[in-house]
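Peer 1: The structure is given below, and queries will be raised subsequently.
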């Protein structure tokens, strides 16, 4: 324990030793000084200077009290506060001298009876004072004269038994309500005591003290009330803090507590305060009125700022519960102890507009000084305050704030107060035979002409007046029941529970018309009353309505005044504004799309009409028809792509989303799929070198082309169908940063943009884009690979390749760009729609315009041969013509070779016959000559083997002959002297002329 104490002391002593401050001062005589956090030994031996803002408290010994400032604070200039006022410890004189039966006592100066206090006595009408009319309190704590008495004049003096009421009136402090409440209570007692029909055998007497609205002070006074004669039958405290203390202790003394000025909701607890009643309604009675006003002005968002005390915390808890039930949100809840600066700044920062303030009057001036500094007032804000402040509370000069009266008047203008109706607005004579107006006049007379606005508790004075009447009527009601039980009111003591129970039942069933209105207590002992609603207009409060919470009836005068055009909004009004597509852009693109659809219809009609023309047939017209239909579907998708909330209701928007998806998806599959099919089969059949010639002779079956397109279309159809079943498209709204309008309005614009989306939109787009992207890249590759292929079976595959290039590039660029620009509706639509338009236009132009031009310029009636001869400039047609010419020449050459071979065979036979004939004629000579002459050549006559006229001489080319000539060697016998190569060499020039 010693170590933490030493550590704490070190933290306190450091600033005391090293920083400037105030010198220690001497305590008053018969008293001492309480130093916070320091021991007496530290003060005497170590500390010489106390820091700025350090507070000391004077304490007195014995039965002495402090007269003068009780607490002093160190100022920055090195002095203590209120040094011009001396603080002394003086003995108390008996308080019994401060009350006089059948008379009045004036205490000068007001406060506790100490040395120097003078009492002035006087008697009521009909009584005579016996004894001195003045008494002084000496420094010994005794009065210098016996207490006088008031005797009844004349022979008709009636001896009445006294019933004493112990009262605590706060004549100073946070709420000096006793200044007006005590005279009004005394006025009620005088009237009650003069009534022969109310407590005829008893006289009520008030024994009162100044509680200063301080529970600590009230504790000492309560001790005096309970432990000094006479016995008090009822206690009447004021201030919520003091009433809480008294009511909690009263149960131990079997005392009824009747308060005239306590509003804390915590006092409405029968378990904690079983004998407590109050003519001042609970502070929670303001809350139904506030909620009613919130609903009237259509506010659903409020803020609160409160002083950290039990009464305001309980009130705010009740308000929070009521607003929650009414569907109203308390968005900001701030509290403060002494300095509200930070709390007010937080209200400003969090955009609080409708603010409920719960604090005492002194703190209210601090709050609104900060409100002025933060500009938290004007046409955008409404403040709700408590209505029991003085009417000029904001004009009172307060050294605790640094704002002028003009600043405060400007800041509080237009605020609304809710106040319990404490004065009956109707001219009705109640139980006291006095109207509310007559009561105010009598009270003003008692106050001696004091300004009501400067008199504390003037508004609550009717409640104190009716509290005395409620008590008197309740006591009068108990006389008969107690008499039946053999009891009397004067038999009451602090141990007698029966009499307390009778008084409790009588008070609990009280109901009468008082100057404050109908006096009725609820089950918790709280007063039920109407609420007055006022508004500060032009520096003064104006009544604008009443609210009866028991009947839930709002009486509205309709004279409320606002700085702006009307009640402000409870928050910055956010206007939702949808962003729609530019109609000019939509119209322009739609025109292009419409023209494209017409052009597609023309192309489709042309292709169908000329389907029997050989040139059209060689381009696979059915695939071209699919391409034209797909382009028209893609162009038609431009229209739903530009339709948004400007054209259709939000409930119909998902249907538009479906049209977009299906038209684009199926249109792409038809248009691009048919072109991809062509280029795929061209690549499959004509790009492999080792099988090129064999493939050229193969026949391309149309059903394979259609099957390929069907597969691509089925893949898209199934993927879209699965998408729509598993995760259908729906409308989503994208929110953008709020924007301030150009005009000076208290609103913000919330831009919104509608999108077609699904729960897993990115996943579906990734699958579709990935599949389509691979298809596009593959199409580009196939188009590049087949650029040099020539075939008459698909004679427009090069145009198809060019169209694929353009479509692929546009799609691969547009898809990511539109995803990036999805929040910019005009740019996104322009990119997507123009990509679809340009892709369709390019495809239609590249595929169909050359065909139209060819048939228009050459005529559909021309023969195939003429059509072929006139296309010499075409590479495809030249190759086909050369192939047919070579086939014809090959057939002619085969005929010539056959004729030559027959001629050679005949010549060989003739030579053989001639040789045999010669041998027979010269058998002998021939043998002799064989040794002298060379043998005849076995070679045939070279002239017989010369090529026909018009052909070049043969060469010794050893290249292999075409397969069509391979069987010609069988014409020569095996024993023929003519070489087989000679025959082949003679045939090569004939084939490759």
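Cβ atoms are placed via backbone N, Cα and C, with glycine included.
Okay, so TrEMBL annotates it like this:
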type     : residues : note
COMPBIAS : 861-877  : compositional bias 'Polar residues'
COMPBIAS : 933-952  : compositional bias 'Pro residues'
COMPBIAS : 953-971  : compositional bias 'Polar residues'
COMPBIAS : 984-993  : compositional bias 'Polar residues'
DISULFID : 123-150  : disulfide bond
DOMAIN   : 592-871  : domain 'G-protein coupled receptors family 3 profile'
REGION   : 861-888  : region 'Disordered'
REGION   : 916-993  : region 'Disordered'
SIGNAL   : 1-22     : signal peptide
TRANSMEM : 585-610  : transmembrane segment
TRANSMEM : 622-641  : transmembrane segment
TRANSMEM : 661-682  : transmembrane segment
TRANSMEM : 703-726  : transmembrane segment
TRANSMEM : 763-784  : transmembrane segment
TRANSMEM : 804-823  : transmembrane segment
TRANSMEM : 829-849  : transmembrane segment
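Show me how these features fit into the shown structure, please.
Peer 2: Taking Cβ-Cβ distances under 8 Å and a sequence separation of 6 or more, the neighbours of residue 123 (disulfide bond) in its chain are 100, 102, 103, 104, 129, 150.
Long-range contacts of the transmembrane segment (585-610) within the same chain: residues 616, 621, 624-625, 628-629, 631-632, 635-636, 638-639, 642, 826, 829-830, 833-834, 836-837, 840-841, 844, 847-848, 851-852, 855, 860, each at least 6 residues beyond the stretch ends and with a Cβ under 8 Å from a Cβ of the stretch.
With a threshold of 8 Å between CB atoms, the same-chain residues lying at least 6 positions outside the transmembrane segment (622-641) that come near it are 589-590, 593-594, 596-597, 600-601, 603-604, 607-608, 656-657, 659-660, 663-664, 666-675, 677-678, 702, 705-706, 709, 796, 829, 832-833, 836-837, 839-840, 843-844, 847-848.
Distant neighbours of the transmembrane segment (763-784): 665, 668, 672, 675-676, 679-680, 682-683, 712, 715, 719, 723, 727, 800-802, 804-805, 807-808, 811-812, 815, 819; these residues of the same chain sit at least 6 beyond its ends, with a Cβ under 8 Å from one of its Cβ atoms.
Proximity of distant same-chain residues to the transmembrane segment (829-849), defined by a Cβ-Cβ separation under 8 Å and at least 6 residues beyond the stretch ends, is recorded for 581, 585-586, 589, 592-593, 596, 599-600, 603, 606-607, 624, 627-628, 631-632, 634-635, 637-638, 641-642, 664, 671, 675, 796, 799-800, 802-803, 806-807, 810-811, 813-814, 817-818, 821.
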Peer 1: By a Cβ-Cβ criterion of under 8 Å, what residues six or more beyond either terminus of the transmembrane segment (661-682) are in contact with it?
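Peer 2: For the transmembrane segment (661-682), the sequence-distant neighbours (Cβ-Cβ under 8 Å, at least 6 residues beyond its ends) are 620, 623-624, 626-627, 629-637, 640-641, 700, 704-705, 708-709, 712-713, 715-717, 720, 723-724, 729, 756, 768, 772, 775-776, 778-779, 782-783, 786, 789, 791, 794, 796-797, 800-801, 803-804, 807, 836, 839-840, 843, 847.
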Peer 1: Averaged over the domain 'G-protein coupled receptors family 3 profile' (592-871), what pLDDT does the predicted model reach?
Peer 2: 77
